[in-house]
Amino acid sequence: MGSMRKMSSSFKRGSIKSSTSGSQKGQKAWIEKTFCKRECIFVIPSTKDPNRCCCGQLTNQHIPPLPSVTPSSTAEDTKQGDAQSGKWSVSKHTQSYPTDSYGILEFQGGGYSNKAMYIRVSYDTKPDSLLHLMVKDWQLELPKLLISVHGGLQSFEMQPKLKQVFGKGLIKAAMTTGAWIFTGGVSTGKSVVSHVGDALKDHSSKSRGRLCAIGIAPWGMVENKEDLVGKDVTRVYQTMSNPLSKLSVLNNSHTHFILADNGTLGKYGAEVKLRRQLEKHISLQKINTRLGQGVPVVGLVVEGGPNVVSIVLEYLREDPPVPVVVCDGSGRASDILSFAHKYCDEGGVINESLRDQLLVTIQKTFNYSKSQSHQLFAIIMECMKKKELVTVFRMGSEGQQDVEMAILTALLKGTNVSAPDQLSLALAWNRVDIARSQIFVFGPHWPPLGSLAPPVDTKVAEKEKKPPTATTKGRGKGKGKKKGKVKEEVEEETDPRKIELLNWVNALEQAMLDALVLDRVDFVKLLIENGVNMQHFLTIPRLEELYNTRLGPPNTLHLLVRDVKKSNLPPDYHISLIDIGLVLEYLMGGAYRCNYTRKSFRTLYNNLFGPKRPKALKLLGMEDDEPPAKGKKKKKKKKEEEIDIDVDDPAVSRFQYPFHELMVWAVLMKRQKMAVFLWQRGEECMAKALVACKLYKAMAHESSESELVDDISQDLDNNSKDFGQLAVELLDQSYKHDEQVAMKLLTYELKNWSNSTCLKLAVAAKHRDFIAHTCSQMLLTDMWMGRLRMRKNPGLKVIMGILIPPTILFLEFRSYDDFSYQTSKENEDGKEKEEENVDANADAGSRKGDEENEHKKQRSIPIGTKICEFYNAPIVKFWFYTISYLGYLLLFNYVILVRMDGWPSPQEWIVISYIVSLALEKIREILMSEPGKLSQKIKVWLQEYWNITDLVAISMFMVGAILRLQNQPYMGYGRVIYCVDIILWYIRVLDIFGVNKYLGPYVMMIGKMMIDMLYFVVIMLVVLMSFGVARQAILHPEEKPSWKLARNIFYMPYWMIYGEVFADQIDRKTRIHIYAMEINPPCGENLYDEEGKRLPPCIPGAWLTPALMACYLLVANILLVNLLIAVFNNTFFEVKSISNQVWKFQRYQLIMTFHDRPVLPPPMIILSHIYIIVMRLSGRCRKKREGDQEERDRGLKLFLSDEELKKLHEFEEQCVQEHFREKEDEQQSSSDERIRVTSERVENMSMRLEEINERENFMKASLQTVDLRLSQLEELSGRMVGALENLAGIDRSDLIQARSRASSECEATYLLRQSSINSADGYSMYRYHFNGEELLFEEPALSTSPGTVFRKKTCSFRVKEEDVKSHLDQPSSLHHTPGPSPPATPGRSRLALDGPLSTELRPGLDPGISAGELDPRADFKSAEVAPSLNTANVASTQLTVESTVSHPLRESKLARYYPGDLNTYKTMKSRSFVYSEGRKLVRGLSNWGAEYSSIMDQTWNSAEWRCQVQRITRSRSTDIPYIVSEAASQDEFEDEHRESLLAPQISRSALTVSDRPEKENLLSVKPHQTLGFPCLRSRSLHGHPRSAKPSPSKLDRAGHASSTSNLAVMSDAPEGQNTQQEKGNPETEC
């Protein structure tokens, strides 16, 4: 199953195709028969292009219709009717043909090659045929979720962060749920398909598996579609699009394409109907065979146009409706829907003000008229009527962190399904976070967990009769009978609350079963946390259903059952729990007895599911299995009792430890994560870990022997190591907490695991690390020493006690309180005896000190107890048996070394008695072993290698003894057998070395090397045979058949391996050549040797023998021998690295062996056997039940009461929890985890900083808008103040006001006029509004920033005639020139201010304006603003001028002054430069260059203004006549009239101009000083920049005169000319 998923998910179409050509042809024929294409067959000329049909194709590209096939309506009607009317119809003017385009695409041009399946189909294709194609031919799995992405077809830009979040969320939602993604398929610039494709591309580059992204595109819109034509072909597709073409290319990140064809070219719409029908059909499919839910569909909207809004409405009107997720911030339709969703009330009602705002937004977004916007608004309101189905994803919102949560939450909230169905959906998606956050919340439909307790019995009865119906066929019969029993309880179920609770519990239990089957570990944990009682849940039918499931990871359980049953099983074989019990016994091996195979369980199982009782009634619980009763009568009675068991009894219908059964199921089904989770739950965790370790190890061994894939065996072995490590860690954790309790965990009886102990399970699993743990070794050491207390030289003391028994009294003994391993009964008996002895031997006087108390304890132990405990200690038994064995070997040596008489000697009789008694001991070991059957006992006994050695040695000795008692020659044969047999007895000594720390590992090395050498001997035999046969055949061609040939083949080649080559060996005494031994003996015809003997004739080919021998020795003596040495070396280091564990493991075997042996060694052991038989018979006669128990449970086992067992389990659970807590803390503190957490935090911080940056930019734009509006309000307030002043008749000359801002829509002349009004006291302040920041600076000279303000409007001034012509140039910057006035140029203007600079200040004047000396230490910053300023020519006065000039914001006014034929530039809102004479300003230009150097640019070069600034006195001057033209007066009057302000005329007769030369106060504006000054910039209320174009030509002509009273503007031009110029440039209204 898992491999099929991998094959379908990976995209290798060539390996998925059918293996036979017949099936390929059949599939190809089915595709061509089922799917069609559409072609236009009737030409209806288009009104726009007569050479092109209404379908979009050229008229010459049409194909004639098939003669045998006609359209749906007759051709004549079509031609005469629709053709004449000019209406083109798909159904009437197109014809279906078998599809000719399907196969595989290979995308090129994207930097890497991707493959995708594609097919061209008609727009009206049946969706079931398409789904069949996708599942069967394309090998796709049915989705668990369908995400349909809709959005803009044109290019649009997404914010980088939003695009990243959108892509990650979409991919995660699809990956975690196994979803399909539907898109438009074609990329048009940066459309929504491109954005989805980018996300898919990022995913495919980071992971191997590809998501299933299906593009449903119109065939007529596909670029290079001619390359796709072909039947079942592989085509190369170029993704580079033609910029001049209206068609679009397919997106190369998709895996499949369905190209809908309706006969049109270059038109969208063919795919809409097909896509919707396919989505509807997929939603009707079931997610899983276990889950009844259909495939949920969700719409995802990103950007989009008006058609997307219509699609959303269609989704919401579906039955059932389809929930929609809208991505806010992506633009256009998405933002409009998000806005409406946010501010719309339930039922689609929105506030009037918001309604108007939404309508305006629709008009601006889609360029709609009012009627169109109202129509679209109505559609949006229809969507908002089902607001609960629309989920809006807003990036950075608190409730939603990513897109995937929005999608999955929308599916749960949007669909009106019940809570169990929602749980099934979350389970199918494997999204436990969704279930935890959205489903398991308390509400009106969710019962609190505490309310589940009262109706326990009814729930159990209801749920127990429900599940068996789905498990086996025969179990439906019992259901009806069971209902008869439950009918009495119907009255209790009439309460709707109880029924609701019961349904909820049943839904939770069904979800638990599904979660276990689908291997959803997190869901199992969640369900347990939310009230699922596993004892109520787990039943035999459900457990068997779990064992028979085909879902989940692949496993080898059926193979194991087949091996155990030793027969071929049918494919639909139903595995029962009895089969599982046999499998467990087979895997565990040894004496393990599974509860499923015990008679009590089998009888109950047969009663419930066999022919005696109806099948599938209730749960079956497992109670502690009692010892099998002996005797036929007892068996019959027991069977009757089991038949009469009340199955309805809850105590019987429960598994005592349900987590045990589930963990074993998870292990056998190869579900490691589930097994580890179930291991943490429940009791006896250490035993469960060891059982899992053994099961996995046995399964790995079986899979390796079955020649399965190596990966399976390796995975199983790794799982075994994981559980073994868990067992060791748990033992270490418990040992740290309490040593004594940890030792109890090792030795207490496990009733659920074949009455074994943890130590036995660890030995069965060959878990060396567990046995080598300090806790286990302390326990073994206590057991090894018994009650003896010896620290140094224990072996010597024991030998002395054995050889000299009185020394036993001088040895130290321990009390029973010090024992860690004794059973509870033995401990109590020992304590009672000890207390009696203490009471009997108590001294009258009191003793003090610990030493005296210790002495007292030692003296209180009686001599008999000391002797008994001494000989019962395993260490004493070991040395006793060892001494006995060594004595036996000495006698055996004597027997075979001396002459053997006809009748055995006394020494030989002792040897024979030793062997016979040892054989009886081996028989006793077999009979008293744990397995029940004798065959099983023998099988377990033979699994030990030393037992096999003993069996062979004893058997050989018995045969030799029988032959030895016979006459000659049989007696000689018997003696020879004796001689050979003693070799095995000497080898048996190696077992004694196992107790030694240093010799024990070497014994294991020898065993492993022997196995390695067996493989080497096979290889050596091949080489030896090859040379031996060739040599023998060449040197002895005339040999007769004889057995000596076999000897001669191996004899010489074998000894050559050890270096003996037999080169020219000669017997010097006899001088006889041993020709058979020579390599190349002398030979020849008619030749004689030195002694005159005739030489044999030469053998043909004898010269080859030395060459063959050289090659043989090279291979055998050098290559193979060194190879064997290398293998031995590897084995040595392998065992040496674990020598400590090996020795400790062997030590356990030795200790347990001598712990169970009788005290006396052979041959005296016969007395112990007689004692055991007598005790057994006496115990049976007395009917002591304890006797069987004690005899059966001899060994290292602790029997605990129920209360003690409960405390032990609680201690173990605490250790497990603390262990995982420490492990989690360790993982969190690891470097990798810290790096991961740090990277996540840094990423989150960067995202937050980006958000803050975006918000800051938005706030800046908002503040600029607010600032602009405030300036407008300020200007309006100024106007109102002026109007009120005029109305109140207040003289403006008495008011001194300074306004720092003016409206951006005011004229420059009006601002000058206003400034003069504010300065009517005689001290002029010129206020100009510049477009830039508010920059106030103080200069030694009169310098100012560039006069970009004058680009706004041309202002004409009356100029004093000094030159022939006066010309008004384009101002660029202000420059103070104290020198003589330059020659006048045409159009040049000068601005004069009357009054000498040295005039003293009068009381009541502006206190901020005063004359003062220049400060040479002042900060000179004019280099940045006016770099041409010459400080040497600056006058010794400080004059500051505040200049304010405003610009209009509307494009109409900008276009009026700056036509479109010049360069454009950005405009900024108005700012001010302030200059005043004698004033020391607090604000300057310190940050001018830093803030504006990067954004200011020179718009155009301008000429220079030269303006004369003079002080004005109260009296009129006669030197400078005041000239006012009539046109200027008229214009001034019109300006004031336009602003509805009746400004009184200022008396010009009071103004006088001083006689001071003009050259001392000139303000010059030069072109080169505009560098670095900000351009005119303006922003709309929405923050969008607007462009304006300057017009230098309009600045050249004269404007209107200023109406200020303190400005004398003189011009050289005639008054009439000035008037004409002034009339040609009317001012705009402020």
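Heads up, the Cβ atoms here are built off N, Cα and C, so glycines get one too.
If you check Swiss-Prot, you get these features:
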- 1235-1255: coiled coil (COILED)
- 8-25: compositional bias 'Low complexity' (COMPBIAS)
- N1129: N-linked glycosylation site (CARBOHYD)
- 1-877: topological domain 'Cytoplasmic' (TOPO_DOM)
- 899-944: topological domain 'Extracellular' (TOPO_DOM)
- 966-975: topological domain 'Cytoplasmic' (TOPO_DOM)
- 997-1008: topological domain 'Extracellular' (TOPO_DOM)
- 1030-1107: topological domain 'Cytoplasmic' (TOPO_DOM)
- 1129-1158: topological domain 'Extracellular' (TOPO_DOM)
- 1180-1630: topological domain 'Cytoplasmic' (TOPO_DOM)
- 878-898: transmembrane segment (TRANSMEM)
- 945-965: transmembrane segment (TRANSMEM)
- 976-996: transmembrane segment (TRANSMEM)
- 1009-1029: transmembrane segment (TRANSMEM)
- 1108-1128: transmembrane segment (TRANSMEM)
- 1159-1179: transmembrane segment (TRANSMEM)
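N1129 (N-linked glycosylation site) has a Cβ environment of 10 other Cβ atoms inside 10 Å.
Residues 759, 763, 766, 768-769, 771-772, 776-777, 780, 783-784, 874-875, 877-878, 881, 921, 925, 928, 991, 994-997, 1000-1001, 1003-1005, 1008-1009, 1012, 1165, 1168-1169, 1171-1172, 1194-1196 of the same chain lie 6+ residues outside the topological domain 'Extracellular' (1129-1158) yet bring a C-beta within less than 8 angstroms of a C-beta in it.
Across the range of the topological domain 'Extracellular' (899-944), the DSSP-based residue counts are 31 helix, 0 strand, 15 coil.
Here the listed stretches are 878-898, 1009-1029, 1159-1179, and the one with the most C-beta pairs under 8 angstroms to the transmembrane segment (976-996) is 878-898. Remote same-chain partners of the transmembrane segment (1159-1179), defined as residues 6 or more beyond its termini with a Cβ less than 8 Å from a stretch Cβ, comprise 871-872, 877, 880-881, 883-885, 888, 910, 913-918, 920-921, 924, 1187-1188, 1191.
Using DSSP to sort the residues of the topological domain 'Cytoplasmic' (966-975) gives these counts of helix, strand and coil: 6 helix, 0 strand, 4 coil. Counting same-chain residues at least six beyond the ends of the topological domain 'Extracellular' (997-1008), those with a Cβ under 8 angstroms from any Cβ of the stretch are 945, 990-991, 1131-1132, 1134-1136, 1139, 1142-1143, 1146-1147. Sequence-remote contacts of a segment are chain residues at least 6 beyond its ends whose Cβ falls under 8 Å from one of its Cβ atoms, and for the topological domain 'Cytoplasmic' (966-975) they are 896, 900, 902, 959-960. In the topological domain 'Extracellular' (997-1008), helix, strand and coil residues by DSSP number 10 helix, 0 strand, 2 coil. Mean pLDDT for the topological domain 'Cytoplasmic' (1-877) in the predicted structure: 76.
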